[in-house]
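Trainee: Have a look at this one.
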Amino acid sequence: MPAWGLSKVASSLVLSLLPLLEAQIPLCANLVPVPITNATLDRISGKWFYIASAFRNEEYNKSIHEIQATFFYFTPNKTEDTIFLREYQTRQNQCVYNTSYLNVQRENGTISRYEGGQEHFAHLLILRDMKTFMLAFEVNDEKNWGVSVYADKPETTEEQLGEFYEALDCLRIPRSDVVYTDQKKDKCEPLERQHEKEKKQEEGERQHEKEKKQEEGES
């Protein structure tokens, strides 16, 4: 699913996550979905790095090995309950850039993306560490359980990954199954710099046009 780091995997998944009840998996407290609020959307706004993930499904594990590095930008729209996604992903030493819109299901605590003619869902899991968050996939399907973790920097500490490891232990996914990205292999930084330069140029042109119209109105 993740655009979010796993967009290719998403195309082969039919994610139909259902809200979890603590009674079902009492030890997985950090996997129980929480409604998404405006504060939640503010918290996940900005630039994020896909750090690692693990799936019980061998096919998915094979697919995520193809991802070398991924970073992306979340720009939430609180009125429309959408998130504009700009994703920079490195595969086979090549940069792949994509943009799309994610839908927000506030009450269910999920975000979703249309891909391959289907809507794929993931539970957004806010962690104690303000600089990280997780996405949980197929939590109602024991054979396909999966969790991904994201951070605001490409390097993370063992402490920051603590809740991610707790989730894996709870889902009985061996930590040896975790697939990590390596930002040193990123090939998208030049494209990101180009986009930032173009953005500043556009902003400068808009500001120039605005000033020009003001001058014409005063004359």
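In case you wondered, yes, glycine gets a Cβ from its N, Cα and C as well.
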Trainee: If you check TrEMBL, which of Cys95, Cys170 bonds to Cys188 via a disulphide?
Mentor: Cys95
Trainee: Cα distance, Cys188 (disulfide bond) to Cys170 (disulfide bond), nearest Å?
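Mentor: Taking the Cα atoms only, Cys170 (disulfide bond) lies 35 Å from Cys188 (disulfide bond).
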Trainee: Tell me which residues of the chain lie with their Cβ under 8 angstroms from that of Cys95 (disulfide bond), as long as they are six or more apart in sequence?
Mentor: Tyr88, Gln89, Asp186, Lys187, Cys188, Pro190, Leu191
Trainee: I need the most crowded of these disulfide-bonded residues: Cys28, Cys170, Cys188. Count other C-beta atoms within 10 angstroms of each C-beta and give me the top one.
Mentor: Cys188
